[in-house]
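To keep things clear, I will list the structure first and then write my remarks on it.
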Amino acid sequence: MDIASIVGLILAVGLIVGSMLMGSAPMTAFVDIPSFLVVVGGAMAAAMICFPLRSILGVPKVMLKVMLNKNEDVAVLIKQIVALAETARRDGLLALESEIPQVENPLVRTGLQMAVDGSTPETVEEVLRTEVNAISLRHREGKGVMDQLGRFAPAYGMIGTLMGLIMMLSDMSDPSGIGAGMAVALITTLYGAIVANVVFSPFAEKLGLLSRKEMTGMEIAIRGVMAIQSGESPRAIDQKLQTFLPPKQRTQE
Amino acid sequence: MDIASIVGLILAVGLIVGSMLMGSAPMTAFVDIPSFLVVVGGAMAAAMICFPLRSILGVPKVMLKVMLNKNEDVAVLIKQIVALAETARRDGLLALESEIPQVENPLVRTGLQMAVDGSTPETVEEVLRTEVNAISLRHREGKGVMDQLGRFAPAYGMIGTLMGLIMMLSDMSDPSGIGAGMAVALITTLYGAIVANVVFSPFAEKLGLLSRKEMTGMEIAIRGVMAIQSGESPRAIDQKLQTFLPPKQRTQE
Amino acid sequence: MDIASIVGLILAVGLIVGSMLMGSAPMTAFVDIPSFLVVVGGAMAAAMICFPLRSILGVPKVMLKVMLNKNEDVAVLIKQIVALAETARRDGLLALESEIPQVENPLVRTGLQMAVDGSTPETVEEVLRTEVNAISLRHREGKGVMDQLGRFAPAYGMIGTLMGLIMMLSDMSDPSGIGAGMAVALITTLYGAIVANVVFSPFAEKLGLLSRKEMTGMEIAIRGVMAIQSGESPRAIDQKLQTFLPPKQRTQE
Amino acid sequence: MDIASIVGLILAVGLIVGSMLMGSAPMTAFVDIPSFLVVVGGAMAAAMICFPLRSILGVPKVMLKVMLNKNEDVAVLIKQIVALAETARRDGLLALESEIPQVENPLVRTGLQMAVDGSTPETVEEVLRTEVNAISLRHREGKGVMDQLGRFAPAYGMIGTLMGLIMMLSDMSDPSGIGAGMAVALITTLYGAIVANVVFSPFAEKLGLLSRKEMTGMEIAIRGVMAIQSGESPRAIDQKLQTFLPPKQRTQE
Amino acid sequence: MDIASIVGLILAVGLIVGSMLMGSAPMTAFVDIPSFLVVVGGAMAAAMICFPLRSILGVPKVMLKVMLNKNEDVAVLIKQIVALAETARRDGLLALESEIPQVENPLVRTGLQMAVDGSTPETVEEVLRTEVNAISLRHREGKGVMDQLGRFAPAYGMIGTLMGLIMMLSDMSDPSGIGAGMAVALITTLYGAIVANVVFSPFAEKLGLLSRKEMTGMEIAIRGVMAIQSGESPRAIDQKLQTFLPPKQRTQE
């Protein structure tokens, strides 16, 4: 588990809340529930127009995923593939049948099952690549929701501020209220900037990164399956797949 | 029907109107017909310069499409293709002729008709792909209109505000009118931000998403037709096409 | 002729001028020749640095093209190609020689002339594609000039406003002149926003659209020539090329 | 020589200086050496962090190139290639050896020398294409320096203005000095906008255009060399290469 | 070592600090530790959400790399490859085995070892290209961290300024404090602009440039290995690889 996301989130919130507490104004100057509703509710509403309900409802799950992300260990995956390649080399492709249910990686499982069932390498690769494309598209949609939230939050913040300014300006009979009116008007812009730069934008970035990581794992899985099916030597497979790892993580022989 | 777009639109409008009603200023402070004309009329006029009249007149239809979008059920399409593949396998490609008129999907219909008429697989694929490209281009134009409206609305909002400021500044003989003048000047910017972020930008995003969904359905149709023509087994076709579905929607055998 | 561009331009100008006339300030508050020179002259000067003189001098012609654009009728082009294919099928490729001078489309003319002269299909396609690429590049340069004008106009508007503000601020001995000074300073920003959003940006968009339309026509021409040279049946050519048309424009057989 | 760049530069500077002179404030209100140093020096310093010293020192040379650009005459290049093709056709490839030193275009020279030395067409093309890629990369770096300068100048202008505002705001004991303080603060923003929009951005654009022009010339050179080596007829080569010219510049036969 | 980055950094900092010292306000007007924490701490926290902890902790190392970058001498690399090619030509590929440990470039070492071990050229190229892709991805992540820092710093600067403005506006009982309050509020925006434009953005640019340089070196290494394995003549290899050098650095024969 990569705790950077959680630590970063706590740190960012802490710095902002700390600055508010240390300031000359009371904390209440920064709290305004209707402003919060306009900014976060508005951004959510705009995102609901853009995406199917299912994607919006998936936001909490996606955010949890960012904070708890457990990367599949790519080095372990490579080891499993090499072990499978050894079995296939020694006892033939069909000998893999009994081992397939134990394989964790779904792409390797699907691919080997197809190979055992006699599909041609072209068909296996086509099915696996289509699968990966579909996953990549779903990832992009998840990131897209975050991106749009990060774009709409400041926009609704600005809408709120404009409404506040117009209210304040259309009734300036009490000059002493002007400052307070502007302060309230600015709160939506502040909220928009905070939720966009503390939550939505960084989470969208992280989702993109996690997706690229998963794609590397899937590329390894596909290449591994193809190599097993074409009967390459386990050692050659190991060498090929290790190139996907950063040098430090490679196992020396 | 995906009601998210409609719910999102109502929610966004509700939040904004609610904030206006709850504010200290009367609702009339936010209503100014000429300002609305400058922003929405201006954005429409600019879009008319960019696009053919037909595309502009199609905006209401496109917006309705976003709100009522009925996705073709891709799982059903796959079932139909597999059923057609079974007929073709059992009774030959020509046996499809009588079934073609019942096929709903126009690409499958065109493709199978060509196959039955004896076109080569290359010709069938070329015709279908050209068709899909043309549809994709038309989609992009529809999205393009929305994108441009979402870009011009804030621009015309700013033009209106600049005009209002210049009017106000060139006659400051009555200082008490300055606030009201600025309030009116800001209304066009507010309108520009609202129509762009409540309507045009989210609708443009949604159109992009719907287009990508349709493209997936079309890819399935093309691959299905190609597979039927090349005489693949219905089971292999089913497996291949199911990869386009999210895992939960796949039918277990 | 697509009148949308002209109607849009008149509408946008009308809305802006109408708002100025309806405002509380006299129309003269919005007219300032030196400001206009800084914005439009400055944008033109910056564009002159970017592009060869010929491209800048071509701007009025390009703008006229946008407003008067006569799309080549693609359906007519397809009919001509099919007719030529019939002649070629019936009487041989050489029989086209006498018909070539009547062909309007320059790509079809060049391509068929080369085919009749005995060039290989590869050479014909290479020459035609190079030609299309060159045309596409020239289109992009025309659009590029408009894009840059649309980008520099607001920039020079801001430069003008900054100069105006500095002038006003460096001499505030007469407070009553401050408002008028700021009004004048803002005029360049207004002009920059207007010329960019009423003229340059929409015209650049339109040029892009017209170019894409022309590219479709050229793709049809190239595919038609290639199909005629390879001796495909007129009916197959018709079917292939019609896919480029929107469904409603296709001729039913 | 294309004088548009020089005329444009003079025009842009003239318009801005003219507006300053015509304004109510004395010219000295716009001159502030430290502000100039922060903006131009800061942008240069930031660019020095981004690029190797050599690229920064090359800026004056690159700017001179923009203003004095002498396009290689592409029509002349085509004529030379056709003449070389005639020699090669008549007297064999080796007959070119004596003519190579007179060839001006370095790509044609290198390519033909390699062909005469017996390199395979694949090797010749690979070497020439690598060369062109390397030139394109160097061009992009030159344009990149200008782009970054055009991006950093306004940023350092804003930094200067923020510093000026903070200075002014932290000592408001003398209200009559506020206007002058703000005027000085705004000067860096003005300088940033001017150098970016009069010099850096337009010059970056021009460099991109010049690079694309040179690339076309190089493409002609490569295709010419390949055609000569493969023994194509001078007439066919002429026809092929002329397609790169705009229609008006083509020589009629 | 390219000192431009260090000189540029010192120059940029010097210009800004110099301007602060020369200004009318005391230097203390520009120093505010909490503001610094909000901007730099906030940007770091946001980046921590986006990237794994390892990438954030690598920032100082990456910054040092930018300032101390020692480009591998590409000309030397080419000489080494040519020398290896001579050995391979003279004594056979296996004769390289003893020389491999002395080779500095890891790609050349890996590639030649594989070639000596009998891998096919296709496998060698695949392994080397995968390696280069992986390195490129890691570079992009390093640049990505800098890019995000350069994007979040101004955003957190704006958040700080908004908080400061709200504080100031919600208590305007003492008008004489308004100026000072705004000055403090603006400091975070100033800090955000400075760290983004003096450090993060230029360093991100530089990292991109260094990565492209390294990629060229790796392309040379791969092409060199492939050429040695396919037994090309040292002279031909030299000629091919020299094309990657700028003309001045090429060794004349």
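Backbone N, Cα and C define each Cβ position, glycine as well.
According to TrEMBL, the feature transmembrane segment maps to D:7-30, D:36-57, D:149-170, D:182-204. Under the heading domain 'MotA/TolQ/ExbB proton channel', TrEMBL lists D:102-219.
Here the transmembrane segment (D:182-204) has long-range neighbours at 8-9, 12-13, 16, 29-30, 32, 35-36, 38-40, 43, 62-63, 66, 143, 146-147, 149-151, 153-161, 163-165, 167-168, meaning same-chain residues at least 6 beyond its ends whose C-beta is under 8 angstroms from one of its own.
Residues 35, 38-40, 42-44, 46-47, 59, 177-178, 181-182, 184-193, 195-196, 199-201, 204 of the same chain, all 6+ positions outside the transmembrane segment (D:149-170), place their C-beta atoms under 8 angstroms from a C-beta of that stretch. The average pLDDT computed for the domain 'MotA/TolQ/ExbB proton channel' (D:102-219) is 91. Listed as Cβ neighbours of the transmembrane segment (D:7-30) (distance under 8 Å, sequence separation of 6 or more from its ends, same chain) are residues 67, 183, 187, 190, 194, 197-199, 202.
Mapped onto DSSP classes, the domain 'MotA/TolQ/ExbB proton channel' (D:102-219) shows 107 helix, 0 strand, 11 coil.
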